[in-house]
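Heads up, the thing below is written out as C-alpha cells.
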C-alpha cells in the first residue's frame, strides 16, 4: 500500500526526482573518489616528500569536495521541495475525498481518526519521503561503489565486509519486524486519545454540570498511559538500532585496523591503501546506517499508508450519476416521496417505512411526531444526506439520486437540528449560505439577519462579530437564528427546517415565521417541529409515528381524525386555543 501511495502522488514530481537523483549520483561519486585521492597524497606525496604532488592532488581533492558539497546542497533543496509538494497533495487528496463522505462514512471512521489520518499519518509518510529523497541514490551507490573501490584498494580485506554487512542487515530486520505491530497499535491509540480529548472539549459543560471531571481525568489518563506504554515499547526497539549499528561499525573497524596493520607490517599493503580502505569501509557502513534509519521510519509509515489508503479507497455512498439530470427551467420545489423506506446500516428494522407525501411550491408542510419517530431521517432523505433503501425521493419529478449533488443542494436551504457555526465572523458564516456563483452583499446579509430576527444581537459589532468554533460564544437561540439567516441568504427553491425553532421563545418564533412567509414567495417550506403552534400555521401537516405516516391533513382535520396528533396537541394544551376543539 505504501509503494502504491508513493507512486501515485509522487508522479507530478518526476522531473524534480530525476534532477535529485542526478545530483545525488554526482555527489556520491565525488565522495567515493575522495579516499582514493587521499591515498595517493599519502603514498605518492607524503611518503616520498613530493610537495608538488601534494599540492596538485590537494587541489584536485578541494575541487572534488566543492563539487560534492554543491550537489549535496542542490539535492537537499530539491528533496525538500518534492517532500513538501507531496505532503500538500496528499493532504489535499484526503480532504477532497473526506468532504464527499456522507454521514455513514464519517460515522464509520469517526471524526478523531479522520483528523489523525489527515495530519499525523500524512506527516509520517512525508518524513519517509524526505528521508528517502536523501538516501534514494546515495545509499545504494555508496554501498556498491564503496565495495568496488575497497576491493580495488585491498581485495584481501573484503572478507570483513562479507561478515559485517549481513550481520548488520539481519539484526536490523529482526528489530523492524518487532516494531511494525507496535506502530500499528500506536496509531490506533492516537485515534483513541484524540477521541477522548474531543469528547471532553465538546462536552465540557456536561462534564462540569455533573461534576465528572475526575472520571474524565481517569479516562484520559488510561488512554494516555496506554499510548505511552506502546510508544515506550516501540521506542525501546527503535533505540536498539543505533547501538547495534555502532557496535558493528566499531568492531569491524577494529578488526580492519588489526588485520590491515599486520599486512602493512609484512609489507603487503601501503599505509595510504589502509587509510582509503578504512574510509570506504566507513562509507559502506554509513550507507547501511542511512538505509537502516530509513527502515526505522518505514514500519510506522507503512501503517500510516494503510490507514490513509483505507480512507481514500472508501467510495462515497452518495456519488454523482454518470449522466445527471436537472429541470430545464430550474428547480421549482415540488418534493415528493414515493414509498420511501430507509434502514440504517447494520440495523435490523427500517427507521422509515413506505413514506409517501408531496410538498408543493408556495406551501408549508409541517412534519410532527414524537422523539425518535424518524422526522429528521425523513428530512435527511429529502436533502440526500442518505439514500433511500427502497422507494424514491423526487424533486420536480426527478429522483434525487439522478441529480448532481451540488446542483441539488444549491436548491435547498437547510437549517439542521444542530445549528453549527464556523469559526470566523458572522459575515463569513452568512456567505456559506450563498450559491456557488452568488456574491453576497452586505445589504443581503442584513436583510437575512432581519428575517431571522438576528440583526439585534449583532448590531454592536456588525457583520464582523466574531464567531467561535461551533458558535459557542452565542446562545442556542442565537445560533439557530444565525443558521436560519444563512439559509435565507440563498433564497432557495426549498427550505428545510429540522426542528430549527426549538430554542426560540414563542414571540421570536412567531416573528421569524412571519418574516419567512414574506420572503419565501413560491418556495417550498418543510418544517420539522415539536410545536403544535408551528404546525397549526402549515398548509399541510404530516404526522409520523414509529417510522410511518399515521396522518396527513390540516391542523383542524387532524385534531378530529388523527388520535396521535390530537394527543400530541393535547399534551401542549393548545388544541382549544388554536383549533377550537377541546
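Placed from the backbone N, Cα and C atoms, the Cβ positions cover glycine too.
What Swiss-Prot records for this protein:
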DOMAIN    17-300  domain 'ABC transmembrane type-1'
TRANSMEM  17-37  transmembrane segment
TRANSMEM  57-77  transmembrane segment
TRANSMEM  131-151  transmembrane segment
TRANSMEM  156-176  transmembrane segment
TRANSMEM  239-259  transmembrane segment
TRANSMEM  271-291  transmembrane segment
DOMAIN    335-571  domain 'ABC transporter'
BINDING   369, 370, 371, 372, 373, 374, 375, 376  ATP binding site
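On the structure: features taken from Swiss-Prot.
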| residue | record | contacts (Cβ under 8 Å, 6+ apart) |
| --- | --- | --- |
| 369 | ATP binding site | 375, 543, 544, 545, 568 |
| 370 | ATP binding site | 545, 568 |
| 371 | ATP binding site | none |
| 372 | ATP binding site | none |
| 373 | ATP binding site | 544, 545, 546, 547 |
| 374 | ATP binding site | 351, 352, 544, 546, 547 |
| 376 | ATP binding site | 417, 498, 499, 528 |
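Stretch with the most C-beta contacts under 8 angstroms to the transmembrane segment (239-259), considering only 17-37, 57-77, 131-151, 156-176, 271-291: 156-176. Packing against the transmembrane segment (17-37) from elsewhere in the chain are residues 10, 57, 60-61, 64-65, 67-68, 71-72, 74-75, 78-79, 82, 133, 136-138, 141-142, 145-146, 149, 153, 275-276, 279-280, 283: each is 6 or more residues past its ends and has a CB under 8 Å from a CB in it. Within its own chain, the transmembrane segment (271-291) has Cβ neighbours under 8 Å at 31-32, 34-36, 38-44, 47, 134-135, 138-140, 142-143, 146-147, 149-150, 153-154, 157, 160-161, 164-165, 168-169, 245, 248-249, 252-253, 256-257, 260-261, 263-264, counting only residues six or more beyond its boundaries.
Residues 20, 23-24, 26-27, 30-31, 33-34, 37-38, 40-41, 44-45, 133-134 of the same chain lie 6 or more positions beyond the ends of the transmembrane segment (57-77) yet place their CB under 8 Å from a CB of it. The DSSP secondary structure for residue 375 (ATP binding site) is helix. Secondary structure at residue 370 (ATP binding site), as computed by DSSP, is coil.
Residue 375 (ATP binding site) is surrounded by 23 other CB atoms, counting those within 10 A of its CB over all protein chains shown.
Taking the mean position of the Cβ atoms of 369, 370, 371, 372, 373, 374, 375, 376 as the ATP site, the remaining same-chain residues with a Cβ inside 8 Å of that point are 544, 545. Mean per-residue pLDDT, taken over the domain 'ABC transporter' (335-571), amounts to 89.
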